[in-house]
Amino acid sequence: MNTTANYHPPPSSQPPFSDSDLDSDSDSENFQVGSDLSNSIFKTYLEFSSSSSSSSSSITAVDLSKIQSFLTSSSSGALSCLICLERIRPSDPTWSCSSLCFALFHLLCIQSWARQSSDLSAARAAARLPITAETAAKQATWNCPKCRSSYSKSEIPRCYLCFCGKLRDPPSDNPWILPHSCGEICNRPLPNNCGHFCLLLCHPGPCPSCPKSVKARCFCGSVEGFRRCGFKNFSCNKLCKKRLDCNKHNCSEICHPGTCPPCRARETYRCRCGKKEEEKDCCDRDYRCENECKKLLNCGKHVCERGCHGGDCGECPLQGNRTCPCGKRIYEGMPCDGVAPVCGATCNKLLNCGFHRCPERCHKGPCVETCRTMVKKACRCGGLKKEVPCYQDLSCERKCLRMRDCGRHACKRRCCDGDCPPCSEVCDKRLRCKNHKCPAPCHRGVCAPCPIMVTISCACSETHFEVPCGTEMDHKPPKCRKLCKITPLCRHASTSKPHRCHYGACPPCRAPCEEEYPCGHKCNLRCHGPRPPPNPEFTLKPKKKKSNHQTECTPGTPCPPCPELVWRPCVGEHFGAERMMVCSNTTRFSCDNLCGNLLPCGNHYCTKTCHPLETQPSSSGHQIRSESCEVCNLPCQKVRMPKCSHPCPLPCHPGECPPCKVLVKRSCHCGAMVHAFECIHYNNLSEKDQVAARSCGGPCHRKLPNCTHLCPEICHVDKCPAPDKCSKKVTVRCKCQTLKKEWICQDVQAAYRDTGNDPKDIPKNQFGLGLLPCNSDCKSKVQEVESALQLRKPKVLEKKEPENEKHGPKRRKRRDRIQEGKQVSRFQEFVATMKRLLLFIIIVAALIAVTYYSYKGLLQLSDWMNEVELQRAKQRRSRF
């Protein structure tokens with residue numbers, strides 16, 4: 001019974017579309033039918049799965065993706081046969097793979113493909129295996145062209161069946177039934193052998209997972225709940241805690257399928273023999289050490305030579321009946337510590353070759369490993385026969401010239417036994433898709449179809465289908481009912497009408513621009529803002545010509561200049577000089593008034609005719625530079641604060657004058673030192689501070705008016721205090737300077753005043769002279785001095801007389817001339833010094849030259865000796 005015979009698609013609420021979408025409604029009729037088919041096919045499954053589990057929606061989408069892709073391809077007419085690369089029409093008989101790929105093929109194409117593949121497989125098996133041609137033909141197999149799944153020869157399709165295999169020759173004229181489908185419920189057993197059946201209508205591709213709800217436990221068995229039958233095996237994401245094989249520890253892994261991993265708990269365990277302890281994993285607790293057992297056997301004479309083992313060591317192997325090494329003679333009743341003698345017969349044990357026996361006498365130990373018996377052998381290909389030792393293989397160097405299974409390449413293996421291996425070369429033939437080459441090993445017959453499927457999608461990639469490689473140029477992209485995801489770049493993005501997914505550029509915006517100018521007015525034209533970059537046109541194979549690369553954003557036409565009328569002032573912004581102008585007209589005009597702007601100095605005004613200001617805001621809001629006002633060249637006439645006699649060195653300027661940094665020289669009060677002060681610093685001091693600053697801090701250094709002494713006070717202002725009370729000591733003498741005494745200076749001044757003399761008029765060298773009266777001692781002292789002077793006068797004249805003589809003896813004149821000749825001038829001394837320096841430089845240069853050429857000669861001598869040695873070595877080699 002056809003469950004879709006009376007089915008009518010429910011009206012779907014569609015979003016509003018723009019006018020550009022109305023023209024494509026007639027072209028999308030087939031697509032609407034395809035979407036209705038998918039709804040009808042998935043209706044029962046979706047209803048059951050939605051009531052089973054709330055988390056089944058994402059799993060359902062994955063399960064149904066293969067069927068949905070087939071429906072999209074079918075509705076777009078993009079189904080193609082992978083063998084012939086032709087389009088599969090709804091009326092064409094088909095066959096679909098039921099193993100892995102579920103690909104759809106023409107029935108005739110797959111039949112031809114299966115017969116050729118099975119015949120080739122049978123011929124290859126008959127040539128390589130020892131079976132008859134009939135047996136090889138019965139056992140021959142063929143593979144799916146896409147997934148290479150193997151099918152027997154009896155499975156070659158012979159009739160046209162629907163997808164579920166229940167109806168032969170399904171109808172193709174019903175638009176509400178999927179092509180190549182019977183329209184009934186699929187009812188095929190679901191995967192994983194859960195016992196349920198597929199609830200979808202007859203469909204291509206694999207059946208989805210079972211949607212029924214069953215009660216299931218997690219892998220570890222700690223959590224139980226209802227889950228979908230197709231996904232009843234699940235993990236609770238908790239610790240497994242199953243008992244491990246050691247029966248001591250629990251599994252510490254997260255809930256997992258299958259058996260638990262080996263126990264990895266670390267502990268210390270003994271080996272089997274109990275001699276060694278090591279820390280090992282619990283799963284490796286039963287281990288054997290590397291030492292021998294060496295326990296004493298029950299015979300009490302030998303030790304166990306076995307490796308580490310558990311349990312008893314067993315009986316001594318040398319007890320009981322013993323044989324000679326070759327085993328021909330038996331010795332009874334021998335003790336275990338006795339040595340069995342050799343029998344003297346031929347060993348005759350079978351050697352490793354399996355054909356010959358040991359020719360030596362009975363001996364201890366193993367026989368020879370290599371059989372050296374000379375035998376006549378043939379190589380693998382039979383082209384060489386030769387006597388060689390038995391252990392040695394024989395092979396020739398002849399290359400096999402037989403053709404391999406591919407029929408294109410020779411075997412070329414050396415000494416081939418006739419069973420040539422399959423061809424190892426890559427086929428590399430151009431496939432029918434003309435895009436790829438066959439990657440399979442070299443083979444006979446037709447190459448397998450190109451397994452690559454090309455996805456063709458709409459611009460947003462929401463609607464897509466797959467087509468075989470090589471047929472993509474014959475199909476158009478699917479019609480997508482989704483909305484275009486490209487966001488408009490103009491200012492009307494929030495209010496623009498949506499449109500469907502498309503290739504190429506989006507339709508232009510038709511709303512008014514209303515963009516605000518910088519001046520504050522709005523543009524009244526239709527929207528001409530930037531447009532988003534268009535989607536590239538649908539091409540799967542890019543052309544070899546240069547493609548036009550789109551920029552990130554295609555800018556639209558800018559708004560025209562503002563046409564509004566506004567009042568504009570002159571460049572000098574004088575009152576009463578405005579004019580009516582277009583807002584976008586930035587032409588500036590000048591009136592005939594004086595500028596009158598305050599100059600930068602802040603003291604005078606500009607006397608130029610009206611001109612633009614140095615920085616004036618334009619209509620766009622930016623500052624524009626223009627002609628500046630005149631420069632004030634007058635000197636600064638401001639009065640400095642604090643007042644000083646120095647003028648300001650700067651030209652006329654705004655603000656306060658800089659501090660006066662001129663150095664002012666002021667001597668100290670005593671005149672011994674001159675101070676230099678900055679004018680601003682000195683004038684900012686008070687009178688008291690100025691007096692203190694000018695003081696040098698030392699003695700006064702001024703002479704007292706009545707005596708020859710200096711003022712004893714610290715450097716001070718005004719006259720020195722108490723000049724009549726000088727307390728310095730003065731040496732007082734008599735007139736003949738024979739007598740002398742020390743008086744205080746103020747007493748000397750009083751003595752002079754008593755005699756009627758003013759101390760100021762007394763010279764410094766006569767100060768205190770004549771104040772003491774002379775006595776008798778003074779007269780005798782004068783006589784002695786005069787006599788001494790008389791005695792000195794003739795001696796002085798005698799010494800001067802020989803010097804004043806003009807004529808001396810001839811010997812003295814000659815000596816004087818020799819001494820004058822010996823005197824050397826400065827120029828001669830300079831010349832002599834230069835000669836010595838030049839001689840020193842010449843000697844140093846000569847030493848350097850001698851050292852350099854000596855070193856160079858030694859190097860050349862060494863090179864010559866090395867060459868001589870090399871020649872001698874060559875001669876010795878040539879002799880031998």
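Just so it is clear, glycine is given a Cβ too, placed from its N, Cα and C backbone atoms.
Marked as compositional bias 'Basic and acidic residues' by TrEMBL: 796-807.
What TrEMBL lists as domain 'NF-X1-type' is 194-212 (among others).
Secondary structure by DSSP for the domain 'NF-X1-type' (246-265): 0 helix, 2 strand, 18 coil. TrEMBL lists 246-265 (among others) with the feature domain 'NF-X1-type'.
Panel annotation: around the domain 'NF-X1-type' (299-318), residues 271-273, 275, 288-293, 336-337 of the same chain, lying at least six beyond its termini, place a Cβ under 8 Å from a Cβ of the stretch. Annotated domain 'NF-X1-type' per TrEMBL: 299-318 (among others), in sequence order.
Below 8 angstroms of C-beta separation, residues 324-326, 328, 342-347, 389-391 of the same chain, each at least six residues beyond the ends of the domain 'NF-X1-type' (353-373), sit close to that stretch. The annotation domain 'NF-X1-type' is assigned in TrEMBL to 353-373 (among others).
Here the domain 'NF-X1-type' (406-425) has a mean pLDDT of 84 out of 100. Residues annotated as domain 'NF-X1-type' in TrEMBL: 406-425 (among others).
Note on the domain 'NF-X1-type' (433-452): residues 82-83, 85, 113, 116-117, 120, 143, 145-148, 404-409, 422-427, 468-471 of its chain, located 6 or more positions outside it, place their CB under 8 angstroms from a CB of the stretch. Sequence annotations record features per position, and here TrEMBL assigns domain 'NF-X1-type' to 433-452 (among others).
Feature annotation from TrEMBL assigns domain 'NF-X1-type' to 490-511 (among others).
If you look up TrEMBL, you'll see 601-631 (among others) marked as domain 'NF-X1-type'.
Within its own chain, the domain 'NF-X1-type' (644-662) has Cβ neighbours under 8 Å at 600-604, 632-638, 678-680, 683, counting only residues six or more beyond its boundaries. The annotation domain 'NF-X1-type' is assigned in TrEMBL to 644-662 (among others).
TrEMBL lists 707-728 (among others) with the feature domain 'NF-X1-type'.
Feature annotation from TrEMBL assigns region 'Disordered' to 1-33 (among others).
Taken from TrEMBL, the feature region 'Disordered' covers 796-820 (among others).
Positions annotated as transmembrane segment by TrEMBL: 837-855.
DSSP states for the domain 'NF-X1-type' (299-318), grouped as helix (H, G, I), strand (E, B) and coil, give 0 helix, 2 strand, 18 coil.
Residues in the domain 'NF-X1-type' (353-373) partition by DSSP class (helix H, G, I; strand E, B; coil) as 0 helix, 2 strand, 19 coil. Tertiary proximity for the domain 'NF-X1-type' (246-265) is limited to same-chain residues at least six positions away from its ends with a CB under 8 Å from its CB atoms, namely 218-220, 222-223, 233, 235-240, 281-283, 285.
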